[in-house]
Amino acid sequence: MGCGESKKEDTDMVGENVMDFFDRFDTDAEGYLNPDKLFEKLKVEGFKVSKPMFDAYIALIDENKDGKIQKSEFKPIMGFIISCPSDDVIFKVADKNKDGKIDRKELTLLSKRLGWKFDESIESMTKDEFKAFVDKNLKK
């Protein structure tokens with residue numbers, strides 16, 4: 001199995017575990033998580049995610065742009081954080097059509113959401129090219 005993939009019988013178990021994390025982290029029972037508090041709780045739980053990388057995850061998954069992480073937004077990203085090296089998470093989330101490359105449309109969407117700039121002449125990026133692009137932007 002690869003990053004972000006699971007066998008059908010594992011899906012429910014993983015989903016329940018992920019939702020257990022959400023419920024445990026949602027100490028106020030508000031139904032959403034504050035990203036800064038979530039980052040601190042993930043560190044306490046032993047997850048090794050840098051703050052710039054985490055902020056990029058949040059920008060990608062906060063679909064309604066309200067600055068809060070709802071359950072529906074939390075489950076997909078935690079599945080990746082649990083099963084993927086951190087470099088792979090943004091690639092997996094950005095690769096909307098799952099073709100193993102980041103095309104111009106996907107790169108435009110990602111760059112717009114994260115406030116990153118890219119060379120408009122780029123048609124697509126391989127995983128390694130994309131990793132270099134992300135690393136460069138996270139260091140700014």
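Backbone N, Cα and C define each Cβ position, glycine as well.
Over in TrEMBL, the protein carries these features:
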- 13-48: domain 'EF-hand' (DOMAIN)
- 49-84: domain 'EF-hand' (DOMAIN)
- 90-117: domain 'EF-hand' (DOMAIN)
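Secondary structure of the domain 'EF-hand' (90-117) per DSSP, as helix, strand and coil residue counts: 16 helix, 2 strand, 10 coil. Broken down with DSSP, the domain 'EF-hand' (13-48) shows 23 helix, 2 strand, 11 coil.
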